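**Student:** Have a look at the structure that comes next, please.
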Amino acid sequence: MGEIIDGKKLAKEIQEKVTSEVAELVKQGKKPGLAVVLVGDNQASRTYVRNKQKRTEEAGMKSVLIELPETVTEEKLLKVVEELNEDNTIHGILVQLPLPKHISEEKVIDAISFDKDVDGFHPVNVGNLFIGKDSFVPCTPAGIIELIKSTGTQIEGKRAVVIGRSNIVGKPVAQLLLNENATVTIAHSRTKDLPQVAKEADILVVATGLAKFVKKEYIKPGAIVIDVGMDRDENNKLCGDVDFDDVKEQAGFITPVPGGVGPMTITMLLANTLKAAKRIWKMN
């Protein structure tokens with residue numbers, strides 16, 4: 001059976017490093033701060049934001065939550081972002097998506113100062129990622145790279161296939177793998193002979209949003225399989241985009257759902273917030 005990549009354990013190790021670095025900064029009178037803006041009453045977003053707050057505080061950082069009603073105007077939200085851009089105690093700004101339909105997500109993301117864009121969605125940070133310049137990388141893709149490296153595998157020279165082409169996961173993770181000198185293919189719902197394409201991968205990243213979509217015939221024996229999915233199966237049980245039980249014998253390493261990619265996302269957000277603070281303080 002393939003070796004399980006323990007995302008919880010790795011996330012804890014990275015968070016401990018961040019926490020000890022924050023403690024050193026606090027001794028010097030410097031405290032990194034993360035502000036999260038939550039619009040409306042989406043329960044999933046609320047739970048996720050609460051989790052982010054708890055983890056931010058555990059890391060010794062300042063945590064600010066700004067809650068706005070579903071009916072808030074775009075103008076008011078942009079004003080809130082502008083105030084956070086100018087607030088010297090805040091080093092990371094995150095506007096929880098999705099936003100209500102009457103608000104342009106693009107406008108809001110563009111309004112966040114790219115120095116404080118710890119989600120890595122601002123066009124400047126996206127551009128920096130694509131030219132290989134150090135920047136804020138979206139948290140889930142950053143976590144995926146850490147998970148792959150934790151297996152002790154050298155990414156350079158490997159064939160990587162990413163199934164999924166979203167701006168949040170698929171494209172950035174493909175670019176990060178390219179920056180690590182892998183040979184990368186991006187596949188998606190229109191890709192012909194998808195199982196054959198996937199089976200060439202030494203590293204397979206699956207982000208389709210389709211429960212148990214990837215079966216054993218997609219997997220090269222010994223491949224690293226990273227499952228980004230968070231779905232429900234026919235019994236309403238949490239599962240990923242990879243059929244774990246079908247694939248686990250074939251894979252060399254595999255992330256479980258839950259407990260694989262998920263725990264890494266908030267940890268990388270904390271790492272990005274620390275990085276933002278150090279940049280603003282010119283400590284890098």
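Yeah, the Cβs are placed from backbone N, Cα and C, and that goes for glycine too.
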**Student:** Looking at the NADP(+) binding annotation from Swiss-Prot, with G164, R165, S166 already listed, which candidate in S135, S189 is the matching residue?
**Tutor:** S189
**Student:** With an 8 Å cut-off on Cβ distance to the G164, R165, S166, S189 Cβ center, who else from the chain surrounds the NADP(+) site?
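**Tutor:** For the NADP(+) site, the extra neighbours are I163, G170, I186, H188, A207, T208.
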**Student:** How big is the NADP(+) site in terms of the longest C-alpha to C-alpha distance among G164, R165, S166, S189, in angstrom?
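**Tutor:** Roughly 12 Å, rounded to the nearest whole number.
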**Student:** Enter the number of other CB atoms within 10 angstroms of the CB of G164 (NADP(+) binding site).
**Tutor:** 23
**Student:** Out of S166, S189, which of these binding-site residues shows the lowest number of other CB atoms within 10 Å of its CB?
**Tutor:** S189
**Student:** My understanding is the cutoff is Cβ-Cβ under 8 Å with a sequence separation of 6 or more in the same chain; which residues meet that for R165 (NADP(+) binding site)?
**Tutor:** K171, I186, H188
